[in-house]
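What TrEMBL says about this protein:
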DOMAIN    6-234  domain 'DUF7702'
TRANSMEM  12-30  transmembrane segment
TRANSMEM  37-59  transmembrane segment
TRANSMEM  65-88  transmembrane segment
TRANSMEM  100-118  transmembrane segment
TRANSMEM  138-161  transmembrane segment
TRANSMEM  173-195  transmembrane segment
TRANSMEM  215-236  transmembrane segment
Amino acid sequence: MARQFGYRHGISVLQIVAFSFALPCAVWMACTRRNGWFGIGGLSIIRLVGASCLLATLSNNSRRVWAGAYVCENLGIALLTFLLLGILERANRHAKFVHRWAFSVPYTVSWAGMGVSVGEFITASRRPDDDDATLNGWGLAGTIMFLLFFVTTSALAAVFFRRRAELPDGERAQVKCVAAACLPAMVVRIVYSLVGRFPGPARGVFSPIRGDPTAYLLMTALPELLVVGACTAVILRHGRDWRVYYKSAASEEVVHGDQDGLDLRGSSGRV
């Protein structure tokens, strides 16, 4: 039975229009070897798929279509955090504020969370169509992993923002964008996701699929567009070919080696 086009479907149309512009920007970033292309491109694809699934429910009310839209909503947090962590990691190649393992561990946790989200999709798609439960073990585990990922990224952002004066102009602008514009919007986005995960009266309001469309617009759709728009603008303006960062890191190793009386050129080759 066909369903009527409503407020929530209009938000999906807004997402399709907005992320149809963001996706070519991500492709341009990848072609010019700028950072941020994976997070922006991945989120754009996920949002285009999720919004299309939601619009597809107008004519197809099956559990699998709803499950696809729901899981795409949850993956958005991970991809946005990937984007922010990638900006910080690129700045760290200049400043060396933290050890590289400070980035490797959060990435590993996030990939595990994405795997759990796939398990959640399989579980949700196999439930009967009259089972409208939104909380299961897979989803809860994935939410916890994504939350840990975000908390770690926020802690790293605080370190980089406090020492931003030591960064080059381009990296300083990107770190300020993460700390001042993106993290507050991400907090709103994550609060929406967490509240909608657990049973209670608020769950009917904060469900990304069947909840209040205004709450979804203000706490999910607009914050995501703010993060993607801000990061896209600052990366297109200040981003550089990622090979520059590796050359800078190699040059610094040579300088430090010379200061210590070590000849690193013989082992690392031409810098």
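Positions of Cβ are set from backbone N, Cα and C atoms, glycine also.
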Notebook entry, point to check: Residues of the same chain, at least six outside the transmembrane segment (173-195), with any C-beta under 8 angstroms of its C-beta?
Noted result: 73-74, 76-77, 80-81, 84, 87-88, 90-91, 143, 146-147, 150, 154, 157-158, 160-161, 164, 167, 202-203, 206, 208, 215-216, 219-220, 223-224, 226-227, 230-231, 234-235, 237-239
Check: Is the number of Cβ-Cβ pairs under 8 Å between the transmembrane segment (12-30) and the transmembrane segment (215-236) three or more, considering only pairs separated by 6 or more positions?
Finding: yes
Item checked: Top Cβ-contact partner of the transmembrane segment (100-118) among 37-59, 65-88, 138-161, 215-236 (pairs under 8 Å) -> 138-161
Notebook entry, point to check: For the domain 'DUF7702' (6-234), what's the model's average pLDDT?
Noted result: 86
